[in-house]
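Now, the feature entries from TrEMBL:
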{"type": "DOMAIN", "residues": "A:24-117", "note": "domain 'Clp1 N-terminal'"}
{"type": "BINDING", "residues": "A:GLU29, A:LYS72, A:ASP134, A:VAL135, A:GLY136, A:LYS137, A:SER138, A:THR139", "note": "ATP binding site"}
{"type": "DOMAIN", "residues": "A:131-317", "note": "domain 'Clp1 P-loop'"}
{"type": "DOMAIN", "residues": "A:324-438", "note": "domain 'Clp1 C-terminal'"}
Amino acid sequence: MATEVLEKPIEDASPGKVGTRFDLEKETELRFEVEAGDGAEQVELELLSGMAEVFGSELNRNKKYTFGPGAKIAVFTWQGCSINLYGKPEVAYVSKDTPMLLYLNTHAALEQMRKQAEKENERGPRVMVVGPTDVGKSTVCRLLLSYAVRVGRRPTFVELDVGQSGVSVPGTVSALCIERPADVEEGFSVQAPLVYHFGSTTPGTNIKLYNKLTSCLAEVFSQRCEVNRKASVGGCIINTCGWVKGSGYQALVHCASAFEVDVVLVLDHERLYNELKRDLPHFVRVVLLPKSGGVVERSKECRREARDEKIREYFYGFCGVTFYPFSYEVRFSDVRIYKIGAPSIPDSCLPLGMSQDDTQLKLVPVTPGRDLTYHVLSVSSADDGEDGVRKGIVETPVCGFIVVTNVDTQAQVMKVLSPAPRPLPRHTLLIMDIRFMDMK
Amino acid sequence: VRGQKDFIPDGSEEQKQKLEQALNEHWSLISEERVERLGSLVKGVWIPEEQIIELQTPAGKFWQTMGFSAKGKQYLLPEEALFLMECGNVQVFYQDLPFSIQDGYENFLSSKSITFQQYLVRHFKKVVFLFANVNIYNIECIFTSGKGILSGHRKVREIWDSRQMLVLYFCVISCQTEVESVEEEPDCKQDVIRKSEVKQRSWWSPGKTSGSCSVSGSRQWDFSSIHFPDVGSALRSRPDDVVSLAAPDPSLLPGALTVGPCDVIPWRQRINLKEVYMSPKDRQREEEANRRWMDVNRDPEVRSCKSWAEYRALLARRGDIIYCDPYVLSNHPFMYLCCSLKPLDNWRISFSVFQPDSVSSFKKSNPGRPYARMVVCSFNDPVPDLAVLKQLSSQSPEVALVFAAVDHGDISFYTFKDFHIPKDVFP
């Protein structure tokens, strides 16, 4: 139901860029996509009059927001507004058909729960957002978090999507305390997140570890709630993976139990909704919500690029301009590199009575070699103590990431890309399956 | 040692000597005097009419995996008592006179309890080494028996630690007790089955979820006054679900927004109802789940829980099995059914085998899913035919069936591994 609303080319825009003006009626949204790829032109957005928001964050009037290649943006207005787009978006259209009112009502219900919690000195709502891939889970999370912050709450964002993490690099699970609405261009400001190393982009590679980390995050969050009243009332919003079958589904149920969730928001998946209604106890409210028509399916390629971009952002900052990472050599003898989970072997090769599960949480030392090149390594914040500490490494958060850019087996050193100058803060490194080539 | 086993007598002097040496070692081991502290022995009285042993003094550590209580007293099954006598844990009296081990063998092993062969296998409760070749079909085993056990136990551990050998330590319990308990109360069979179905939700196991929150309290949200825009309830349109929402209170909204009421109904057509692609494995799991489809909330006990804390406590009370198996209990009535239809004279499942790492969490009343089920047979018996194999394996779905072939003191274990028959590419 896309309706073209008053598009007028504007002549007096910044040189070289063509501006297009959109006048939006109330409760409609402008959706546009910026062409992907390296040579693509950026698109600028300006609010001329009225009020509008992007995924829950309000736009400032007469400020130009820039969106890089591959961005998919929806500008929504509750009251009506006028917007200018500069540059050539791949698509741009106005839609009246958005589930925003449903999402806003969801927020209202959650806020009602927070009010009640505040009054009765209880804990606030813990919400889990589930659904298959490409239904807008992270967008709904961002929206609900931004709304909550805007009414003065301090919710916690729990990111369990190891493929497309909104907080840290891919291959991690994390929690972030939200103190201000997401930046329109950059997303949430990442200050002191709690990050755990998972090591891969799908929970299926080590479901046991995934569930373990979920429990870890839940425990830490509960501890925080006990000491911080505001965080407790704010509750949490949990973003999950798009894997909703088999073990993926069981991981969702485990997460619900670990976090003791009060509300589960199922996006556009009736089957999953029915299953969760069946398998979660009655005091958990399971809600089915439609997805927005603006949600775009991302190809595998697109996901990989998004992951790469996220790692680049970690080292170089947003749009590759804010940070200047360091490159230095690390001696093999100075670090200990581990992989979590022994490689799986066919059951027929296992001794009688051993089960594969036993190996999934094991710490396997990795001998540094050429194949380490381009791998992302997490720097565990575990103390560099002796073997006694080794046990806890899996459950210890990470303090940062480095990428191996070159390995010299003769000199027994590796060159790493690091966000901070040498020395490494800790010497226990965990290897990820994820690789990053520093090419741009 | 590779090659054929050295068992056919070839009349050579070397073999004779070896045999003699082995026998001598065996005898010297057995004839060694065993000293037990009287105080540490648990006293039991043999009641031949009922074929059980009643304990007079409190049971020891073995109670975790053996024995049962009834009428406020603790009892042992005869084979359990014999085993414990040999281990030096229990002393059994009959008419105020203590039983010797020989008396025990004569009295406690009968067709009513278990046969000698089965008892031998059951001995594996003690210590067993298994040197598993990659080829599981051929397992050689060394079996320590008699006096060496007490010290032997420690030895096993040492070997395990030092050489990382493939050592297994089985904990065998008789499945007879399980079956009997079901048999005694045929009326509650249904109940047992239902309970076991509830337990299938293994991922709730409380051990894994440590996120207990003292802030959580026992509050229950009153969702009848908190309205979520639930398209799912619109699909079902139950009367108690609110389908159309009134305009939310502006004080709840960011930026003091005011919006109109929200109608959920139009969205119900737009929700994704399309079939999900499922792999054959997923589909199979799905069918399985549907077959024993059960809403957790149909259980009145679950309905009475008001919070996660209570719900978890309930699940914990029902047994903290990590790998639960819906067949564990429901299987046994079925097994009896099967047997009564077409009794297998010589072949039956004698034991459920549990792994040692589960000892700490092991419960007699609720043993959980065994690691394997064991069929005891003699080496001299004919090889089981396909019909026997079929019938036995149907009695032990999802759990591996192990055949223990007893050849005097030696026991060999055989099991079938899963394999797939090659399929034609063209239909």
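For all residues, glycine too, the Cβ spot is worked out from N, Cα and C.
Bear in mind that the values here come from a model prediction, so they are computed numbers and not experimental data.
What TrEMBL annotates, mapped onto the structure for a quick look.
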residue  : record           : CB count, 10 Å
A:GLU29  : ATP binding site : 23
A:LYS72  : ATP binding site : 19
A:ASP134 : ATP binding site : 15
A:VAL135 : ATP binding site : 23
A:GLY136 : ATP binding site : 24
A:LYS137 : ATP binding site : 26
A:SER138 : ATP binding site : 19
A:THR139 : ATP binding site : 22
What three-state secondary structure does DSSP assign to A:GLU29 (ATP binding site)?
strand
For the domain 'Clp1 N-terminal' (A:24-117), what's the model's average pLDDT?
90
Looking only at the domain 'Clp1 N-terminal' (A:24-117), what are its DSSP counts of helix, strand and coil residues?
18 helix, 41 strand, 35 coil
Give the three-state DSSP assignment (helix, strand or coil) for A:SER138 (ATP binding site).
helix
Taking the residues A:GLU29, A:LYS72, A:ASP134, A:VAL135, A:GLY136, A:LYS137, A:SER138, A:THR139 listed for ATP, what is the greatest CA to CA distance in Å, to the nearest whole number?
19
